[in-house]
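Listed in TrEMBL:
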DOMAIN    18-99  domain 'Manganese/iron superoxide dismutase N-terminal'
BINDING   His43, His91, Asp176, His180  Mn(2+) binding site
DOMAIN    106-209  domain 'Manganese/iron superoxide dismutase C-terminal'
Amino acid sequence: RSSAKLIAPLGCLASRQKHTLPDLPYDYGALEPHINAEIMQLHHSKHHATYVNNLNVTEEKYKEALAKGDVTAQVSLQPALKFNGGGHINHTIFWTNLSPNGGGEPKGELMEAIRRDFGSFANFKEKLTALSVGVQGSGWGWLGYNKEQGRLQIAACANQDPLQGTTGLIPLLGIDVWEHAYYLQYKNVRPDYLKAIWNVINWENVSSRYATCKK
């Protein structure tokens, strides 16, 4: 069975579907005044689209390198796979983590887990905000689930490093702190953007992600 498992991903690469830009579940202007329409449009239709396009190009090259058995080429393509693949994974989660009907506090099991692992919702919010403010250069602040330990954890990732692929934590809530996520509206004042984003966090989405990964 294990050999079949190894062969399957390579087979998938050979006949794989191209990655596509997911539609936003709301209009570009739906998150105003907290995140304006111009930012959302550029962020989704330009930045995320670029990661998708570059990921497809990189995968094609990787497929050729696999077919040729060219390990050097495979290794040299890995940074581009990580960056563009991470960018696609991260943003696909990010759009669903936001909602025009968001904000407030989570309910149910997620809230219980937050209180258990961080003491209080206020403490969690403060910790994730501080972690995200402190990301040097570009990156993300995350709330993730540590399946082995059965608890919530926060983590920061540089650039587009995907949370699960680089830390093993299952992503529940991601906060994009690349300048393209806020600069047009908040200039270089990242803390103001981070204060505003809590008003549009989709706790239903975060809760359903938590419920799924706990199974």
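The backbone N, Cα and C atoms fix where each Cβ goes, and this holds for glycine too.
What TrEMBL says about a protein is an automatic prediction, not a curated fact.
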Check: Fewest other CB within 10 angstroms, which one of the binding-site residues His43, His91, His180?
Finding: His180
Check: Under the DSSP assignment, what numbers of helix, strand and coil residues are found in the domain 'Manganese/iron superoxide dismutase C-terminal' (106-209)?
Finding: 54 helix, 24 strand, 26 coil
Next item on the list: On the DSSP side of things, how many residues of the domain 'Manganese/iron superoxide dismutase N-terminal' (18-99) fall into helix, strand and coil, could you say?
Entry: 59 helix, 1 strand, 22 coil
Checklist line | Cβ neighbour count (within 10 Å, all chains shown) around Asp176 (Mn(2+) binding site) | finding: 24
Check: What average pLDDT is reported by the model for the domain 'Manganese/iron superoxide dismutase C-terminal' (106-209)?
Finding: 97
